[in-house]
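Record features, source TrEMBL:
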DOMAIN    A:11-77  domain 'MrpA C-terminal/MbhD'
TRANSMEM  A:6-23  transmembrane segment
TRANSMEM  A:30-47  transmembrane segment
TRANSMEM  A:53-72  transmembrane segment
Amino acid sequence: MADAVVVVTLLLVAGSATTAVVVRDPVRQALVLAVLGVVLAVLFTAVQAPDVALSQLAVGGALTPLLLLLAVRKVKRRKGRER
Amino acid sequence: MNGWLVAATVVLGGGVGATLWGVATGPLRRRVVAQNLSTALACPGLLLLAQGYDRPAYVDLALVLALLGPVGTLVFARLLTDELADDPPRARGVTWAAAGLGAAVVVALCAAVGPSRAMAKLLLVGALLIGGNVVASRALSGGIAGVRGG
């Protein structure tokens, strides 16, 4: 019964990771990835790995979406200039 | 399995599960609101987990999430300005509902730990959580000119 938290967070991770694969638009994918990062951090906490969860929060919650969105922006600008 | 862990499971399963559904479907304005809410709901979940495992050090995780969650949302608000400008998200109700849940969790935990340094830390996390999410929600709906400007 004490594993209910782990099971629930594992299901959330599986759901969000599957969604991140299924969604095709990069901008929406960045949103799903941000949620996946937070859910993964909660999973790491539930399995007693708070140090991993700390770095996962910083990387998954803010840094990965920022990098993705900046890349999307740059690609869009380059396309606009070529036209 | 104690009551705190049950509460954490309910908050994570129900709250974060619902935001996962919101971020997976619907128009872009609904997805950014759901992303903001996912951090606003995971933070009380982490606080409840810290109390449930009886590890006060885990409160640091909630503190970091309360700081970085709104930062992540502000990244989206800043870089998706064009997409959101013609169809701004309106999410006052759910934002205040999530803030109320966070406040309820912080008050319950404060009552559990009693007056001490841990209680001051919990109150700091609660203030950061609610303030950050209200600011991020306002930035998403275009209430802050500086964010919209770029």
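Glycine is treated like the rest: Cβ placed from N, Cα and C.
When DSSP labels each residue, the domain 'MrpA C-terminal/MbhD' (A:11-77) comes out as 61 helix, 0 strand, 6 coil, counted as helix, strand and coil in that order. In the predicted model, the domain 'MrpA C-terminal/MbhD' (A:11-77) shows an average pLDDT of 92.
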